[in-house]
Amino acid sequence: MQTVALSLAPGIDSFPSLKPPNKTLTFHRILVLILTFLAYASFHASRKPPSIVKSVLGPGIDSNATAFASDLSRVASNTTSDDAGWAPFDGPRGTHRLGELDLAFLLSYSIGMYFAGHIGDRIDLRLFLVFGMMGSGLLTIIFGLGYWFSVHLLFFFVSVQIVCGLFQSIGWPCVVAVVGNWFGKSKRGLIMGLWNSHTSVGNVVGSVIASGVLEYGWGWSFVVPGILVIFMGILVFLFLVVRPEDLGFETLEKDVEMDVEGKEAANAEKPVESEEAGLLRSDNMENSDSSEAIGFLDAWRLPGVAPFAFCLFFSKLVAYTFLYWLPYYIRHTAVAGVHLSHKTAGILSTIFDVGGVFGGISAGFISDKLEARAVTSILFLVLSMPALILYRTYGSISMLANVTLMFISGMLVNGPYSLITTAVATDLGTQIKGNSRALATVTAIIDGTGSVGAALGPLLAGYISTRGWNGVFLMLIISISFASIFLIRLAMAEIREKLSGSKWFDLGTT
C-alpha cells in the first residue's frame with residue numbers, strides 16, 4: 001500500500017516531521033477530498049436507478065388522472081407501453097412491493113453500517129473501501145441483468161438488494177474516516193459541507209445516467225452506474241492515501257484537538273462545564289490509547305452521539321423518501337395538467353439534489369460561524385416543514401413553481417442531513433483526545449441509525465401513497481418534527497453558552 005502512496009510524492013517519507021501548512025500536504029489533502037468525493041458520489045449514483053425505474057416497473061398512471069382540458073388535448077400525456085409495469089411490481093400492490101424492495105436494500109445497509117464502521121477502525125480503510133465499491137458495482141449490474149434474462153421473481157430482486165446494501169454500507173464510514181484523518185476541525189463544517197455535496201452530485205449523475213439510457217431498457221439504468229462504481233474503485237485503489245502519517249507527515253491529532261488559535265491551552269484553564277450539555281469528554285476519553293479502537297457500546301455512550309443519531313433517523317427518513325420516490329411522484333402528479341415522461345420526471349427530480357448541494361454547504365458554513373451544530377440543524381428542519389407543504393400544494397401549478405419549490409425543499413431537507421453525517425459525525429468521532437481510531441465506529445453508529453429511518457421512509461411511502469400523497473407528506477412533516485425534538489436539549493445548551501457571554505463551544509473539543 002505504501003509503495004503506491006509514496007509514488008505520488010517521491011521522497012516525502014524523508015521528512016517525517018514535516019508540519020502543515022505545507023504545499024505538498026495541501027496537494028494530498030485536495031487529492032484525498034477529490035478521491036473520496038468521487039468514490040461516494042459513485043456509490044450514490046448506483047443507488048438512484050431503483051427510484052428512476054419505479055415508474056417503469058410499477059403500476060401505470062390511472063386512466064382518470066390523464067384527462068386534460070380541451071386546450072391541452074394536443075399535449076401528449078407520455079403514457080407509453082412501459083406503463084404496463086414489470087412483474088412482480090405491476091398491479092395494484094406494485095407500490096407495496098417497490099417499497100419492500102427499498103426496505104430490503106436500506107435495512108441491510110443500516111445493519112451493515114454498524115459492522116462496517118467497527119471493522120473499518122481495525123483494517124486497511126483503502127482496501128476495505130475498494131472491496132465495498134467492487135461489490136456494489138457488481139451487484140448493481142446483476143440487478144440490471146434481470147431485464148435481459150426476463151426475471152420476474154421478487155426473491156431475486158430482494159436478494160440482490162440485500163447483498164448490495166451490505167456492500168454499500170462499507171463506503172460511508174471509510175470515506176468519512178479518511179477525510180477526518182486529513183483535516184482538523186478548523187472550518188470543518190464548511191469543508192465537510194462542500195465535500196458532502198458528493199451525495200447530491202452522485203444522485204444527480206445517477207439520475208441523469210439512469211434516465212438517459214432508460215429508453216434502451218431499464219436494465220441499462222443499473223448496468224452503467226454499476227460500471228461507474230467499479231471504475232472509481234480502481235482509482236481509489238491506485239491513489240488513495242488513508243493517513244498523513246503514511247506519507248511521512250506528522251499526525252494531525254493536535255490539529256483535531258484544538259483551534260488554530262490555541263484553544264487547547266485555553267481549555268486547560270477553563271473550569272469544567274455542566275454535564276447537562278451532554279458534550280464533555282471524560283478523563284478516560286482523554287487518556288485513551290490511540291492504537292486501541294473504541295468499542296461499539298462505548299462509542300454509543302460518547303457525549304452527543306445518541307441525540308444526533310436519533311435526529312438523523314428521522315432526517316434521513318425524509319431525505320431517502322425523496323431519493324427513492326420523487327421521480328415516481330413527479331411522474332404520477334400532473335404539472336400544469338400534463339403528466340411528464342419517465343425520462344423527464346427522472347431528470348427533473350435532480351433539482352431536489354441540486355438544492356441539497358446548496359443546503360449542505362449553507363448548513364456547514366452557518367454552523368461554523370455560529371459554532372453551533374444543533375441550532376443550525378433545527379433551523380433548517382423547522383423551515384423545511386412549510387417548504388414541503390408549499391411544494392405539495394403549489395408544485396403542480398406550473399413548471400416554474402415545481403422547480404422553485406423543489407429546490408427550496410431539497411436545500412432545507414438535505415442541510416441538516418448533510419451536516420450531521422459529516423461535520424457532526426467527525427466532531428464526535430474525534431472528541432477522544434489521542435484516539436484517532438473511533439471515527440469510523442462513531443460515523444457508522446450515527447449514519448447506521450439514520451439508515452434505519454431511511455429504510456422505513458420509502459417502505460411507508462410505498463404503502464401510504466396508494467391512499468394519496470397527502471398522507472406521505474404528512475408523514476414527512478411529522479418525522480421532521482421528531483428530528484427537531486431530539487436536538488432541543490443540545491440546542492438549548494448552545495444558546496445558554498452564547499448568552500452567558502463565553503465562546504460557543506465546538507462539538508469537536510467537548
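Here the Cβ of each residue, glycine as well, is placed from N, Cα and C on the backbone.
All annotation found in TrEMBL is predicted automatically rather than curated by experts.
Keep in mind the model is a prediction, meaning the values are calculated, not measured.
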*Check each of the ranges 55-74, 195-214 against TrEMBL and return the one annotated as transmembrane segment.*
195-214
*Outside the transmembrane segment (374-394), six or more residues from its ends: residues with CB under 8 Å to it*: 307-308, 311, 315, 318, 359, 363, 366-367, 401-402, 405-406, 408-409, 412-413, 415-416, 419-420, 424, 469-470, 473, 476-477, 480-481, 483-484, 487-488, 490-491, 493-495
_If you count every Cβ pair below 8 Å, which range out of 26-45, 195-214, 346-367 shares the most with the transmembrane segment (400-426)?_
346-367
*asked:* Counting Cβ pairs closer than 8 Å, which of 127-149, 155-183, 305-326 has the most of them with the transmembrane segment (220-242)?
replied: 127-149
*Can you say which of 127-149, 346-367, 438-460, 472-492 has the most Cβ pairs under 8 Å with the transmembrane segment (195-214)?*
346-367
_Contacting positions for the transmembrane segment (472-492) when only residues 6+ beyond its ends and CB under 8 Å are counted_ = 276-279, 304, 307-308, 310-315, 317-318, 321, 325, 329, 372-375, 377-378, 381-382, 384-385, 388-389, 392, 416, 453, 457, 460-461, 464-465
*Which listed range (26-45, 127-149, 305-326, 438-460) shows the maximal number of Cβ pairs under 8 Å with respect to the transmembrane segment (155-183)?*
127-149
